Amino acid sequence: MWITQEITPYLRKEYTIEAKLLDVRSEHNILEIFKSKDFGEIAMLNRQLLFKNFLHIESELLAHMGGCTKKELREVLIVDGFDLELAHQLFKYDTRIDFVQADEKILDSFISFFPHFHEVKNNKNFTHAKQLLDLDIKKYDLILCLQEPDIHKIDGLKRMLKEDGVFISVAKHPLLEHVSMQNALKNLGDFFPITIPFVAPLRILSNKGYIYASFKTHPLKDLMTPKIEALKSVRYYNEDIHRAAFALPKNLQEVFKDNIKS
């Protein structure tokens, strides 16, 4: 049996699977989990794939991209996603996490897929809310948006950031869909003086790119090497990965030269 991942409308990958382990459907989401000989379990969420053996790549990169460029990481907001492994990584800092996800049925269906599901959900500093309005009014050091936000969402979320806060959002991969990345950079650039694209180096099973945005904090100039060296139990993230994430080939430097703000 095979499952297909759509990388772009014109590019697809196929993966061999042995069996379907789970099929859960809610009003807005479809989650299927498969067993694979080469990749362990594979979750397909709305046609996007998550590989259980490689969950740590994105969660470590996004968590420590924010955590190692901020002196303090006290308040974190995660919206528009299901990745509890991201919260697990963020708990390496002395932080409180607000996790906004309305679809409890799908979230709870990841119980055997996310290795630290129970540990995160039971952490006293973790708050799961169905919507932003359910949270106390506060300012955040780091906001992670796990789907590409429109300008209205950007406008609302940036008002929730502290003056030196960091906003990280998912975007299209700059190499595969550079026009979409340009548009995402432009949207964020209307609100932030620092907007820089990045990817996960050596991650070959993803079609994602990301954008680091801030009013004051710079992802390279403000990188704190001692914080990176102090991290324990990480398998992917280090200083080399952090810096390489922002490297662009010559042609993309030219493409994005009017959109990157640093």
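Cβ from N, Cα, C; glycine included.
Copied over from Swiss-Prot:
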type: ACT_SITE; residues: D155; note: active site, proton acceptor
type: BINDING; residues: N29; note: S-methyl-5'-thioadenosine binding site
type: BINDING; residues: D83; note: spermidine binding site
type: DOMAIN; residues: 1-249; note: domain 'PABS'
Out of these recorded positions, D83, D155, which one has the fewest other C-beta atoms within 10 Å of its own C-beta? D155
Distance [Cα-Cα, Å, rounded] between N29 (S-methyl-5'-thioadenosine binding site) and D155 (active site, proton acceptor): 25
Between D83 (spermidine binding site) and D155 (active site, proton acceptor), what C-alpha distance do you get in Å? 23
What mean pLDDT does the predicted model reach across the domain 'PABS' (1-249)? 95
